[in-house]
Structures are given as structure tokens and as C-alpha cells.
Amino acid sequence: MRPFARAALCLLAAAGHLAQAQFPPRPEGVTVLESKFGGGARISYKEPGLCETTEGVKSYAGYVHLPPGTLKDLGVEQDYPINTFFWFFEARKDPENAPLSIWMNGGPGSSSMFGMMTENGPCFVNPDSNSTRLNPHSWNNEVNMLYLDQPVQVGLSYDTLANFTRNLVTDEITKLEPGDPIPEQNATFLVGTYASRNMDTTAKGTRNAAIALWHFAQVWFQEFPGYHPRDSRISIATESYGGRYGPAFTAFFEEQNQKIKDGTWNGSEGNRHVLHLDTLMIVNGCIDRLVQWPAYPQMAYNNTYSIEAVNASIHEGMLDALYREGGCRDKINHCRSISAVSDPENIGINAMVNDVCKDAETFCSTEVRDPYQEFSGRNYYDIGQLDPSPFPAPFYMAWLNQPHVQAALGVPLNWTQSNDVVTTAFRAIGDYPRPGWLEDLAYLLENGIKVSLVYGDRDYACNWFGGELSSLAINYTDTQNFHNAGYAGIQVNSSYIGGQVRQYGNLSFSRVYEAGHEVPSYQPETALQIFHRALFNKDIATGTIDTSSRREDGKFYGSSGPSDSFVFKNEPPPQHVHFCHILDTSTCTKEQIESVENGTAVVRSWIVVDSNSTSLFPEVVGSAEPTPMPGAALVSGRIKFHVHVIKSFDYYIFI
């Protein structure tokens, strides 16, 4: 999704017209189950009846509540509760016999509601931000889907709840203590209920997040009453920073599986459930920094769309910063060498390692990656589009904070897209450039778990050149067989080739044509076909060849074709018709943001009214007279807005 850092403000959640309306309604009708294994864990849930409206298809939204101390059995001191939000959708077809996939967006710190509501979930939100329509290419067509907000404090997940005030002009956030009066609000001073915003009460890095999620899985898969599968396979699909989440989480889960199986796991009875892991899918993932950094200068200067987003001089500067003595590559190698000695588990226990690794990421981001953003004028998640870009449309951002949605979900807090506190916690230990991600992928492949890497070929943030380099850098038994496989066209349907794929057995790398960072948003049918083929043991190219067993020559299926996908070129796309949605200011020009701040903008349903938006959404913004949106005050025929923001930051969040 968008880097909620490019604009001066990060508008995250709509506030109500009155002060009290900005707090979510008290949850009602929630079923609460205490864990049968004791220890204080609980599950709470509702059937919301939202989004998935296909007749007979159930969905459940709720929380797994883990009390303080839950993670101690795996060496993590956790003196705070972890309340992890989930939204589970049955498969539309034969859910009892369907496998299950978890979906997580990245960040770190980004809500998976973005992926659910703009990429691969059962519904999309309409431009009115108040209603939804079904997604015919939803990934729950044939797979049970479990969407998670993690780590704690992301999206609708929380540690402890608190009320805050926010000054939109000074960017000051102040906690309201119990008993404090609710202050009077105006266009730039607001209140809301959120997680604590305490950096010490969220996961510090990917490894610690894996431990928390494994405990969630132990509770949910054993005790959630709405899931009774005959097919026990569990897959994980993730995106962007999921290039780290996916390998680390899945490998950690498998390590615990093996300990449980061989009797070396000494934890409680409730934590001895083997998770039948099947497939890891990574969509436009930033996997390994050392391997993928060279892809940024290439994508900016020499891509398959013939877009020179930077000139030759800037391109050379990016390469120099990468390869010169003491540059990006050397800094990452230094980070990795000292972390291997002083923090081999990558859990942030050594301050010197944290600082060195954080410094490496800061230098590399600033000098190797960011010149594209500074000089190109093009979108970070789609090189084919100029900034600002309105795609994927952010209508879901207001919908998730509508009172009727909050009530149906049974959530006690306001939803936010991205939490900068979580991002900062990961950055504080230098999580980005640390080692181990490719080794985790090799471990999964050696243990029979499929790995499917899927990359839209217009993304810059975690681009396909870097994804391809990562796929070729996985060192496992069949590395050479994978290298020897050629690129085959991805036959999406009888008339469309959706990209190119290299595959050998359980490992595939797919380049998807005409897609930015969020592949399912751009190419929903292609993404769905790749997802199904990976999970159901079919070749990615055609979906007709079984990939689970060896051929007569003793080898697994391998794709055939050219060794290099760069030979397949594209034409630059037309520009999206621009509109500004005030809850995502990366869709807005500087002038539009200023007009919202000074009250001269006319806004309906969070959309700034102009000729473009009137043409695109006449049913929403096309009426003759300005009408206040929820949470807005009509002043002299113009609208002043009550909106939430979070602290802007000088780095990019990968959604």
C-alpha cells in the first residue's frame, strides 16, 4: 500500500461528529471462551455478518487474548497482555474440506485489513465508505482464510487501551488519564481510543513476533469452535515486510513442530499442537537486504517498462553508495558478522548490534533506495504511476471506523492502518538487514514446505529484480535444478498470459505483468490462480501438472523456457485518474492537503470534490450542494474536518 510518510500528515481514521462518537461502542454479543488448558488464555468472537455476504458462508471476527507471561516458555519476558485480532472467513466452496491460509500484511506495523479489503478478501468497500460489494476473485473461494493484525498494537490488535488527544498542527499526542475530562474538539484537536503506543509492549523484531504468533496459533487452531477442518493443511501468505515475516514465522513454527514430534518440547500441554504447514507465499516481499539492494538502482534506471526514473548520474551514485568501501554492502556485512556472534537469535539483546544494524539500514535506505523517491516524481509502489496515486482506493479506511462496523466486529478501539510505534520497535534493533531469511526458506524447502514467490513487475518498494535475486540465492538441495528451470508463461485463462514463472518442484518465482506492490489489487485473476495452484500442488504456469511427486527420471516438475525474464518487455500504463481521499494523504497533492487544513476544501465521504472525483464518483460527490461528511463541520459552505493522524516519520512503511 502507500508509504504513510510521504505527506506532511498521515490521516488514519475518521472521527465522529461529536466527541463521544469518536470512541467505539462498547462491544456487545461477544462470545468468550476460556482456554481448556488453563493459563488465562481466552478467545472472544462474533459473527459480524459483514463483507462476506455470500449465502451460507460464515465469518467470525474476534481476539485471542494472551495474558502476561505467556511467552516466557520460549524465553521472552512479556509483562503485558497480547490481544490479537483475527477475521476468519470460511471458504465459499466446501469449507469442511478446504485448506486454510493465514494472510498478513507487512509494515512492520501495518494492518492486514488493507490486504483483506483491497487485495484478496471477500469484499471491497464502495466509494461511499459505508457499503461493500463482493470480490469474485476472493482467496476464500476455495480456501479458508484467516486475516491477522500482528504484532500486538497493529490495526485492531492491542495490549492495553488508552484514550489520546491529538493536535494535528503541532503533531502532539497526549494520553488522557482516567478521570480526565474529554476536552472540547475542533478541526485540529481530536480524541480517540487506541493501543497503548508503548514501544516496550510490542514485538521487538521479527523473531519475537514469531514467538507471539506461534502462541496465538496454538490457542486458535486447537480451541476456536468455528474451524473444524478435515483438511488440516495450514499455509501462510504475506506481503512486503512479509518477506521477513513469512520465512521467519513459518520456519519457527516448523522448528516447534519438530520439537513436539521428537519429544524435546518441554512446554505446557496446551502448546503441543503440531501445525501442518503446507505453503509459504510471499507477495512482493523484501526478503534479504544484502541480496536485494542492487535491485533498486536497476529498477529505477533499467526496467522492462523502459522508464528511466532517475538519470545516469543519480543511478551511478546509487551504485557507488552500495559498493564503495564502507558503503551499504559493507555496513550490512558488518551488521551480520557481529549479530552472528552477539545476537544469533536476532532478538535485540545487544545494544551495539542493534545500533550497527540500524545504522546500516538507515544508510542504505537513504543512499541506495531513496534517490528514486527524491528525484523521480513516481510512485513508490508502482513505477508506472506518477505521484500522488489513488490506487488501491482507500475507501476501507473510513468503513472500518464506522460505528456499525465497530459494533459488528465487537472491537473496543479505533482502527488504524499503520502504527509507527511498532515500526520504530523493529527499527530500534535493526531488524531489516539482519541475516537468516534465505536460510529459513532453505529450511522450509528441505522439510517439504512449498515456497511461492510472487512479484508485480511495476513495484519499486520490493521489486521483482530483487525477488528474482532472492529466489536464486536460496541454497538448498535442488538449487541447481531451480536455476536450470526456464521461464514459462503463466496461462491465467484461455486468452491471457499473466506473467512468467520459474519453478522446480516446491519452489517457484513468478513475475506478474502490469502489477505494482499489491499484486492481487492489480491482477486479481492472475494472483488467485497462482495462489490456488501453489496450494493445490499444480504447476504455476498452467495449473494442469501435478508437482507433488517425482517423474520417472527421479526429478520433480521443472518449468521450461528462457533463462532470463527481462527479455519480456512492457509498455508504460496510462495514468490513473487522480482523486484525493483525506484519510490517505498520499493520494493528495500538497495544495489539496493545505485546502483541507485551512477549511477551503469541499469534501464528501472523505473525498475532496473536484472535476475528477465528480466524474469518478457522481453518486457520492456529485450533488449540487456541499454536505458535511460524518465528523465534519460545515462552515460558510465549506467543510472543516475532524480526522486522526499519527506521527509522521522519515522512513517508508512496507504494507
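Using N, Cα and C of the backbone, Cβ positions are placed for all residues, glycine too.
Residues or ranges marked as active site by Swiss-Prot on the basis of sequence analysis: SER240, ASP459, HIS517. Under the heading substrate binding site, Swiss-Prot lists CYS462, GLU518, citing similarity to another entry as support. According to Swiss-Prot, the feature disulfide bond maps to CYS51-CYS123, CYS328-CYS364, CYS335-CYS357, an assignment based on similarity to another entry. Swiss-Prot lists ASN130, ASN163, ASN186, ASN266, ASN302, ASN311, ASN414, ASN475, ASN493, ASN506, ASN598, ASN612 with the feature N-linked glycosylation site, giving sequence analysis as the kind of evidence. According to Swiss-Prot, the feature GPI-anchor amidated glycine maps to GLY631, an assignment based on sequence analysis. As annotated by Swiss-Prot, signal peptide applies to 1-21, with the evidence given as sequence analysis.
Here the features listed in Swiss-Prot are painted onto the structure.
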| residue | record | DSSP (3 states) |
| --- | --- | --- |
| CYS51 | disulfide bond | coil |
| SER240 | active site | coil |
| ASN266 | N-linked glycosylation site | coil |
| ASN311 | N-linked glycosylation site | coil |
| CYS357 | disulfide bond | helix |
| ASN414 | N-linked glycosylation site | coil |
| CYS462 | substrate binding site | coil |
| ASN506 | N-linked glycosylation site | coil |
| GLU518 | substrate binding site | coil |
| ASN612 | N-linked glycosylation site | helix |
Roughly how many Å lie between the Cα atoms of ASN163 (N-linked glycosylation site) and GLU518 (substrate binding site), rounded to a whole value?
33
Rounded distance in angstrom between the Cα atoms of GLU518 (substrate binding site) and CYS51 (disulfide bond):
20
Among CYS51, CYS123, CYS357, CYS364, CYS462, the one of these recorded positions whose Cβ has the fewest neighbouring Cβ atoms within 10 Å:
CYS123
Here are the glycosylation sites: ASN163, ASN302, ASN506. Which has the lowest count of other Cβ atoms within 10 Å?
ASN302
Just checking: which of ASN266, CYS364, ASN414, ASN493 have a Cα that is within 10 Å of the Cα of CYS335 (disulfide bond), counting only these recorded positions?
none
Give me the non-local Cβ neighbours of CYS328 (disulfide bond): same chain, 6+ apart in sequence, Cβ-Cβ under 8 Å, ordered along the sequence.
TRP293, ALA321, LEU322, ALA360, PHE363, CYS364, GLU367, VAL368
If you measure from the C-alpha of CYS462 (substrate binding site), which of the glycosylation sites ASN266, ASN311, ASN598 fall inside 10 Å?
none
How many whole Å apart are the CA atoms of CYS357 (disulfide bond) and SER240 (active site)?
20
Nearest-integer angstrom distance between the alpha carbons (Cα) of CYS123 (disulfide bond) and HIS517 (active site):
20
Between ASN302 (N-linked glycosylation site) and ASN130 (N-linked glycosylation site), what C-alpha distance do you get in Å?
42
Spatial separation of HIS517 (active site) from ASN493 (N-linked glycosylation site) - C-alpha basis, Å:
23
Shortest C-alpha distance to SER240 (active site) - which of the recorded positions ASN130, ASN414, ASP459:
ASP459
How long is the line from the C-alpha of ASN598 (N-linked glycosylation site) to the C-alpha of ASN612 (N-linked glycosylation site), rounded to the nearest angstrom?
21
Can you check which residue among the glycosylation sites ASN266, ASN414, ASN493, ASN612 has the largest number of Cβ atoms within 10 Å of its own?
ASN414
